[in-house]
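Working notes, structure below.
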Amino acid sequence: MAPVPSALQQEDKTTIPLTTNLYLQLKQLAMGEHGLSRYVPALILLFEAFLCSAIIHFIPYTEIDWKAYMEQISQYASGERDYTQIKGGTGPLAPHYIFPMLVLSKRLHSIFILRLFNDGFAVFFLWVAIYFFQRRIWTIGSMAYSWGLGIKMSLLLALPSIGIMLFLAKGAQGALKQAWLMAQLQVVIALPFFPTNAIGYLSRAFEFSRVFLFKWTVNWRFLGEERFLSKEFSITLLVGHISALVLFATTRWLRPAEKPIVGLIRTALRLEEPLGQRQHACSIAISPNYIMTTILTAITIGMLFARSLHYQFYAYLAWATPFLLWRSGMHPILQYALWGAQEWAWNVYPSTDVSSLVVVGIMFITVAGVWWGTRLDFVALKGQGGVDKKKS
């Protein structure tokens, strides 16, 4: 065999290490371990600003609910305070590799900058609340959450997790104080309407008896209209929702208390602090990771068992899914595959049997995955007492 020219030998020695080094640099950048990783969020934000500007410039605005919002505001500004009479035209901590999933959603851009749904404002205050909860500024977090709830009652889905979080962080009395503050804000929001028709306001603002139209559903279309509208299906979803919340509450969310839920309830009924001397340890254990995981899981559970989801409800799910898939411990490739399938399904219009099955399937996989992925959270190390926050 003829000897390899020295020039080729030199090229081979330099090309392979450069390629390998580039791969390692990109991997470190994606995992947040590179020195330049700190600039990735700013670059993504800049990219998002250009993308939103391009969408607004090149894609025409679609009127769905914005005109109705403006009509309702005009009626309120004109002095109308009977809530039932206000009507509109539509009727009454993660690794860097998941960041692209937060900004590349076609449906999410549509919801926020083309359709102008009020869900965007509600979910904004939800994230403001999560931020302040993570900073342990509990009162502002509670007020932000309650204000978002005043915009859209979809945020009720997060209430069980927020209640448990405040209970562990502040104790029973502290949690009740926060709940009272939230309730007071709801009263303030309702004050303009109460003198005119208080019952009408409550019945319309919290309309639990609403019958959803099958033609708009994104999630359960594959079951057929007859089963979708049946009372039995509604009861099944309610039982499933409650069961999933109880499962997570007893096996995951209340784990820092290191007490069974029955014991906590018995202590509370005796008008004693259920957490007792563990209150301080529990409060310390409520980490930003725990707060975000718990709240986003509760919302996803609620979405999974919702009787009907419309396209704008993707605002609550789109940013939750990447984080929860990461918390599940799945391989990044699988995370992107599931995210891509979810994004496809929510962009199919009108929804089909296949797309609705994918919507429900991805939410189920996400909920099951995060339950499995958090199985070691707060598990005490051998030979140690207290709470081990290994993954929280």
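Quick reminder: no glycine exception, Cβ is built from N, Cα and C everywhere.
Because the structure is a prediction, the values reported are computed rather than measured.
Taken from TrEMBL as is:
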TRANSMEM  39-59  transmembrane segment
TRANSMEM  111-133  transmembrane segment
TRANSMEM  145-169  transmembrane segment
TRANSMEM  181-202  transmembrane segment
TRANSMEM  233-254  transmembrane segment
TRANSMEM  284-306  transmembrane segment
TRANSMEM  313-334  transmembrane segment
TRANSMEM  354-372  transmembrane segment
Exercise. Do any residues of this chain, six or more beyond the ends of the transmembrane segment (354-372), have a C-beta under 8 angstroms from a C-beta of it, and if so which?
Worked result: 217-222, 244, 247-248, 251-252, 293, 297, 300-301, 303-304, 309, 317, 321, 324-325, 327-330, 338, 341-342, 344-346, 348
Exercise. By a Cβ-Cβ criterion of under 8 Å, what residues six or more beyond either terminus of the transmembrane segment (233-254) are in contact with it?
Worked result: 160-161, 164-165, 168, 220, 223, 227, 260-261, 264, 294, 297-298, 301-302, 304-307, 367, 371, 374, 377
Seminar exercise, completed: Counting only residues at least 6 beyond its ends, the same-chain positions whose CB falls under 8 A of a CB in the transmembrane segment (284-306) are 93, 126, 130, 133-134, 156-162, 164-165, 168-169, 219, 237-238, 240-241, 244-245, 248, 252-253, 256, 313, 316-317, 320-321, 323-324, 327, 360, 363-364, 366-367, 370, 374, 377-378, 387, 389, 391-392
Exercise. Cβ pairs under 8 Å with the transmembrane segment (145-169): which stretch of 111-133, 181-202, 313-334 has the most?
Worked result: 111-133
